[in-house]
Every structure is written in structure tokens, then in C-alpha cells.
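For reference, Swiss-Prot has these:
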{"type": "COMPBIAS", "residues": "41-51", "note": "compositional bias 'Pro residues'"}
{"type": "COMPBIAS", "residues": "53-65", "note": "compositional bias 'Low complexity'"}
{"type": "COMPBIAS", "residues": "66-78", "note": "compositional bias 'Basic and acidic residues'"}
{"type": "COMPBIAS", "residues": "84-120", "note": "compositional bias 'Low complexity'"}
{"type": "DOMAIN", "residues": "40-141", "note": "domain 'Collagen-like'"}
{"type": "DOMAIN", "residues": "145-281", "note": "domain 'C1q'"}
{"type": "SIGNAL", "residues": "1-15", "note": "signal peptide"}
Amino acid sequence: MIPWVLLACALPCAADPLLGAFARRDFRKGSPQLVCSLPGPQGPPGPPGAPGPSGMMGRMGFPGKDGQDGHDGDRGDSGEEGPPGRTGNRGKPGPKGKAGAIGRAGPRGPKGVNGTPGKHGTPGKKGPKGKKGEPGLPGPCSCGSGHTKSAFSVAVTKSYPRERLPIKFDKILMNEGGHYNASSGKFVCGVPGIYYFTYDITLANKHLAIGLVHNGQYRIRTFDANTGNHDVASGSTILALKQGDEVWLQIFYSEQNGLFYDPYWTDSLFTGFLIYADQDDPNEV
């Protein structure tokens, strides 16, 4: 059995060189064409062969599994407005709302018909003290007394003063008795008596709302509208002042501070003076 195995192994080994030499016409003398040996170790892989021709298209496979949901697409254009829907059924009444705010007072109605006189009531309580009577006749003149002189006349040097504050008339034209305070813009009464006050105010570019104030209370107010040109607002009054009373001018409305100053051709003046002093003035001689 073994010889046949060896023979089967030797025949291919002997035939391969002979066939190879015949194909190459290589029958050189001394060539070991008939040398036969056992198979050697496996050689390294050869280089990849050239790609073969494309095969025929295979059969269609089975449908694959559903893929994951894709991202939302861009919002499409708005469609045309559809026809109005049918009117729905009337809903149930809602809960009672909160009470609304009190409305504005309506116009005053016409005077009604006089009613019938009522019954006489019981006598009331004693009323309050009446108002002070009219001043009496002027007393004797004390003109020339150094203690009764009080007069001032002052002007401004700036335009558009601040609102609701005493206007500082810091240009002193006269200050007899020294009762006008230029730093505060106030006249402080030093001689009790009857005083006359007047003002002439130039305005430009804005409206002017100015008032004369006595101890924090407006005594007179003047409003002058700006018409595009320069204008003058005036006011005057007589006041009974006590020792320490204060009098000044101020703007009484927002954005209406059109007082205008020009150093070359216009002034705004505030003036006041004592007409006569009180008879019980301790300074009176």
C-alpha cells in the first residue's frame, strides 16, 4: 500500500518539471527537471488579482425594518383663510364680575322748584366770631421816621428759573431797610403794615405761569401764553403783613417757566414797598 502512495506523490512531482520545461522549451543539460520532493511550506499570499466583471443583479431582498423618524420639516406657508364656521351654541352665564370703579360725576342738573317752607327749628348755638371790620380812618402821618422805611426793587440775571421754588432776583436796584434777601429771593417783613407789591416779567420761547406767594399761599397768579414773540406778564396787589411774614414770586406750573433775561435790552422786575405801618408797631415813633 505504501509504494502506491509514494508513486502517487512522485508522479506529479516528476511530471510538473517536464511539462514546465516543455512549455518553455527549456531542456538545458543538467537541469534538475526530475527532482521530486515533498511539498514545501506555504508561500506568502500573492498580490490581489484584477477585479472581475460585475455579476448579475441579485434578487430583490425582503423589506427592511422601519427607520427612525426624521427631523421635523420647515414650517409650510400659511394656507388661505377658510370660510367662517357656524355660530356655536350660547355658553352658560359666567360668574358675576367685580364692582367697577365709580364713574365721573355727571353734569349739574337744573335748579329744582322751591319747596314749601319748613317748620321753625330750635335756636342754634352761638356762632363764631365775625370777620374783622373795615379799616378805620387813617391816623396821623409819621412820614420821615427812619423806622418805617421799607422798599425794594430787584431784577433777575438768569432765564427759565426752577419751578415751585422762590425766584432769586439777585440784581438789587433798591433795598431800603434791607428787608429783601437776595440769596433766598424772599422779602421778609420788618415793619408790620400795608404793602404794595408788583412785578413785570419778560417771557420768551415758553408760556409763563407765575404767582405771588405770601407765607406759602398764592395770593395772585398770572398766566401768559407764548405767541412766538417776546411778551410781558404783570401783576400787583396790596397785602397786610406782620413781622416776619415772607413774600416771593415762583413758577406754579410745570414747563411754564418762560421767564427770559437779556442783559442788553430787557429786565424782569419784582418791586414792593410799605404804604403805611401799623399804629401799634413798636418801631413806630
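Cβ coordinates come from backbone N, Cα and C, glycine included.
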| Overall pLDDT of the domain 'C1q' (145-281), taken as the mean | 91
| query | DSSP helix, strand and coil counts for the compositional bias 'Pro residues' (41-51)? | reply | 0 helix, 0 strand, 11 coil
